[in-house]
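Here is what TrEMBL records for this protein:
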DOMAIN    242-533  domain 'UvrD-like helicase ATP-binding'
BINDING   Gly263, Gly264, Ala265, Gly266, Thr267, Gly268, Lys269, Thr270  ATP binding site
Amino acid sequence: MTNLSETLNLSIDISCNLALEKVPASVRKQFWKLVQKMHAHPEANGNNLERVKGGSDKRMRSIRIDQGYRAIALQEGDDLLLVHVDEHDKAYAWAERRRALVDDITRSVRFVVAVSEETEAPAIPPVKQEPRPGLFDAWTDDELISVGVLMDHLPTVRAIVDEDTITAAPELDEVAQLSLTGLAAGLTLDEVRDEIGLADAPTTTVTFSEALRSNIAQRRIRVLDDKDLEAFVERDMAAWRIFLHPMQRRLAEGRKSTTLVRGGAGTGKTVVAMHRARWLADQIRKDSSRKGRKVLVTTFTRNLASDIRENLRNLCPENLSKAGPVIEVMNLDAWVSEFLRARNFEKTIVFGDHKTLKAIWDEAFDRFPVPEGLSRAFVMDEWRQIIQAQGLEQKNEYFRAQRIGRGSPLSRQMRKELWAIYEYVRARMVEEGLAEPDDGYRAVRAILDAGSITLPFDHIIVDETQDMGEQAIRLLRAMVPERENDLFLVGDAHQRIYPRKASMAACGVNVRGRRSNILRINYRTTEEIRRWAVSVMTRQVVDDMNESTESAKGYRSLMHGPEPLVAEAVSKSDELAQLVEWLKTIDLETCTVGICTHTRRQRDLINDHLASQAIKPEILERESDDSYHSGIKLLTMHRSKGLEFDAVCLMFLGAQDFPPHWLFMSDAFPDDAAREDELQRLRSLIHVAATRARGVLRVSLTGHFSKELFDGTIT
């Protein structure tokens, strides 16, 4: 038995939190109650703490949770670091194979795994032919140590010849793997140091206690207080709510100018946005002079806004209380409609499929000829992407307008003829009291520019910025003055699934230089899934939302799993039958499975088939749906945005189903450029849906993939 002093400082490592997510809920609850009691009365709980015998680290302790489960902790002085939870024998085996050390370079506690002969061999495969050059031959030992490689592990690192071997070496911890994969992906030493939080780290000797509390340590370790423990006892706390990578924390906290955060799927952009919202809200609540001021968190879709709201309620419920919420979460269109309705806006905001709006366009085409060589589809597309998107109200503005990416060139005469159509449509919309979303954005800006309205928002946070158009970005810029902590935007143009695009600079939002940041580490999916999802986008040139192209350099995952399974069927019924057989291989009591389709009709077809097999999935449609509890979830790919599942199955991706046949009809698009834009959005949609998978991805199709869509880039 180990006695505890009257003072006990409790911390938890992310490895313990992740282990807790894998044990039964009753064990998690008992664990946190035990830790809470230990925190309140450490001297009364000493009989629960036992030294781990036979291990290489004498500071390892076990804590009895119940008859079957044990927690593992590391004790030094008055500090107790909780590091693991598992069944009795497995927990002891985990502890016996590890020892902890305090690393002065990273100023953190790091765990070294004792590698057995059984696990050592796969890490560095034997060379069968001529020796290959080492992957890290270009760096000196001192340079590798400076980015977190431990001296004892240099021989292992020097033997690595390819990227996959980095994460296959069990003795390399997460810090070393992050650094080495970053170097292998083309990052410089300085970029790697900055990414893992070493850029300004001193190299003085640190104590165990200091290592638990350093800025870099916050990537993995949380020093627990009463508030934390109360929250953990009341509700399950996922790792993202507690731990932030150094770069994520640097972005989420502190004073900043206007900021854009980019990054691939799974890199934690939305997590950073939510932690940023909490940090800003906490600053407001601390300052009595700012009573009534708020943080607005907004995005494009209503469903995603609802998902973010629920996550923020778990992260910081005190900031969303009904009595006096400091954080307001609403998708931008809903906020605009509410704002205009409260000011008796005389027009109804409608979308392109509105019956009266369609009739107005039919009238316009009956009255005015379409310029030779153009189609009706082109005329309407030009209206959406140029006239409305740029806010053009005069003919001369249209004559001077830039039409980047529109494909078909237009002469001055053609623009003049087109303007006659647009002028008529706009006049008829006024007569009918109709407005489109872009009109609504401009109307709000006009009210704000008049200076008679003061909004309650000191800070605005925007998620999925890539889905916002030019007028939306201009409105957001107008909603909060340009100052410290004003706008915080996150997004990824690889995930642009709606026909809108905007340049921050063109909209008056300055995110150049150090105001633009990139997150490169994928924490959600395995590397195998990430690579497959990226391969879908191989043909595309992706922008950085600010008049330049995006680079995928350094985008990577440290987690590994099975390769995505491409399941080919001979018919639609065969495809459905194979889905049922696959579902039988999954533990639906503990796993979440997302089955994604392009259309609602396809989703409902699957639902009917599963019901005929006595399988009851849950359809995720609106914002109130539950995507977090185990079981089968049916949803469209568009609805999947912002969600994640243990396993994902993408259905009906054969050429006969996807892309839809109308895409290749002669009059579906005004020109080849417009068709390619739609194909790019569909590739992005596949990319988004595939990256919802944490560990397993299954891609189902009848026949073969569409050559027009993928051109042999995926298999």
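Glycine too: its Cβ is placed from the backbone N, Cα and C atoms.
Those TrEMBL annotations? Automatic predictions, nothing curated.
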When a 10 Å sphere is centred on the Cβ of Gly266 (ATP binding site), how many other Cβ atoms does it contain?
25
ATP site shell beyond Gly263, Gly264, Ala265, Gly266, Thr267, Gly268, Lys269, Thr270, criterion: Cβ within 8 Å of Cβ centroid:
Asp492, Leu519, Asn522, Tyr523, Arg524
In the structure shown, with every protein chain counted, which of the binding-site residues Thr267, Thr270 has the densest set of Cβ atoms within 10 angstroms of its Cβ?
Thr267
Count the other Cβ atoms sitting within 10 Å of the Cβ of Lys269 (ATP binding site), across every protein chain shown.
24
Work through the binding-site residues one by one (Gly264, Gly268) and point out the residue whose CB has the fewest other CB atoms within 10 angstroms.
Gly268
Cβ neighbour count within 10 Å of Gly263 (ATP binding site):
24
Once near-sequence residues are set aside, which residues in the chain of Ala265 (ATP binding site), 6 or more away, have Cβ atoms under 8 Å from its Cβ?
Asp492, His494, Gln495, Asn522, Arg524, Thr525, Arg530, Ala533, His687, Val688, Thr691
On the three-state reduction of DSSP, what should I expect for Thr270 (ATP binding site)?
helix
